[in-house]
Amino acid sequence: MAVTRIGLAGLAVMGQNLALNIAEKGFPISVYNRTTSKVDETVQRAKVEGNLPVYGFHDPASFVNSIQKPRVVIMLVKAGAPVDQTIATLAAHLEQGDCIIDGGNEWYENTERREKAMEERGLLYLGMGVSGGEEGARNGPSLMPGGSFEAYKYIEDILLKVAAQVPDSGPCVTYIGKGGSGNFVKMVHNGIEYGDMQLISEAYDVLKSVGKLTNSELQQVFSEWNKGELLSFLIEITADIFSIKDDQGSGHLVDKVLDKTGMKGTGKWTVQQAAELSVAAPTIEASLDSRFLSGLKDERVEAAKVFQGDFSSNLPVDKAQLIEDVRQALYASKICSYAQGMNIIKAKSMEKGWSLNLGELARIWKGGCIIRAIFLDRIKKAYDRNSDLANLLVDPEFAQEIMDRQAAWRRVVCLAINNGVSTPGMSASLAYFDSYRRDRLPANLVQAQRDYFGAHTYERVDMPGSFHTEWFKIARAAKM
């Protein structure tokens, strides 16, 4: 006999927390995990956290049969083969019209393949991005479901209550679009997250290495920044990090953390997609490259011995001015990073015919997710003003903000260069802006070179058509 409204398979911390969130919102939920101890652990947590209606099952048949028809099962398992294995386990007991939702960070084409395979079996399928980490899953994530619209309608009432709630814009969930669009949008969200984190780390590096700010001063600076236009989850937690003392030694914990950044692959996927779509995303690419370089810890230690010396300019620094300049540089760079992410999504939407609403994406990212920020409200309004906006940089408000901040931005990048401090994200953002704002680039020389050695032809600025010049013959004749 059916006892629950929905099921969830995969009870690592994210799965457990999402199940408890669903139950807490008034929806009885069945839970299943291949390792049965996780089932018992989740049920016990439900009791401790308020006798929540969570029902555990140790075998897939009982689990599926406990859910009311048409059945909806969310999977939260590792991307790739584990997803296919879980689908096979569940599908053996599901009936026509039932629905499977993959809530993991899956490659969008895998979602489209699975949706097609499930459709052939009479099952519905959704790929749903879930952002917010463990805390978000428990208390309200940002949700990005894409795939079968019929499947979305099955679960819309649950998602609207489970998602993060933002007072001025509602639940942080919307139907993203067809196919693998939900997973694709979550992937790019993560790429933007890479950019955000890199830019913040560069702001920290300049303030510490050039401005000589202490951790206590950095905590105060980031706390103050979190009251203005940079107000965001990542700025907030950065301020928190600078306040934490090392409980296993002296000083602050942040200074004891190894400078080697991990990653799970979504940032790399984003950069690969940008390349496939011919979309410039240098800030996001720089953030990925920085993670690769951070992984070369042993090589960097040896290189530091080879390139010994003081690269600082030894010029006096006005600390207050530096803090303000870095704040402005961070904000301007952030605009460029988000512009690149949105352009990747727009290009993919056009290629796949998804008709994605970029303003709506900004809205559902305002709460619950890792990149949640007051800044996203500005992005939503920009796309509300012009849904066909070519680039966030040319929105009138953002354009004015960048113009107002570019002097500080340039000062920070130059100061970093002169002091041997790398700012790949800020530098890439500035180069992106400078390239995008110019009506003529030195690409004419590159195209001339291509025509010289490869007869790739070129276009002219003064007449239509495609042209080829015998550059070598002309140059050789001129030298004779």
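The backbone N, Cα and C atoms fix where each Cβ goes, and this holds for glycine too.
Residues N105, S131, G132, G133, H189, N190, Y194, K264, R450, H456 are recorded by Swiss-Prot as substrate binders, and the candidate that the same record lists for that site, out of R291, R437, R476, is R291. Distance between Cα atoms for N105 (NADP(+) binding site) and H456 (substrate binding site): 41 Å, as a whole number. Counting only same-chain residues at least 6 apart in sequence, those with a Cβ under 8 Å from the Cβ of K186 (active site, proton acceptor) are N105, G129, V130, S131, M144, T266. The two recorded residues M14 (NADP(+) binding site) and Y194 (substrate binding site) have their Cα atoms spaced 20 Å from each other. Look at H456 (substrate binding site): DSSP puts it in coil.
With the fewest other Cβ atoms inside 10 Å of its Cβ, the least crowded of the binding-site residues H189, R291 in this structure is R291.
For the recorded site, K78 (NADP(+) binding site), the DSSP three-state label reads coil. R291 (substrate binding site) sits 26 Å from A12 (NADP(+) binding site), taking the CA atoms of both as reference points. Local packing around the binding-site residues A12, M14 was summarised as the count of other Cβ atoms within 10 Å of each Cβ; on this measure the leading residue is M14.
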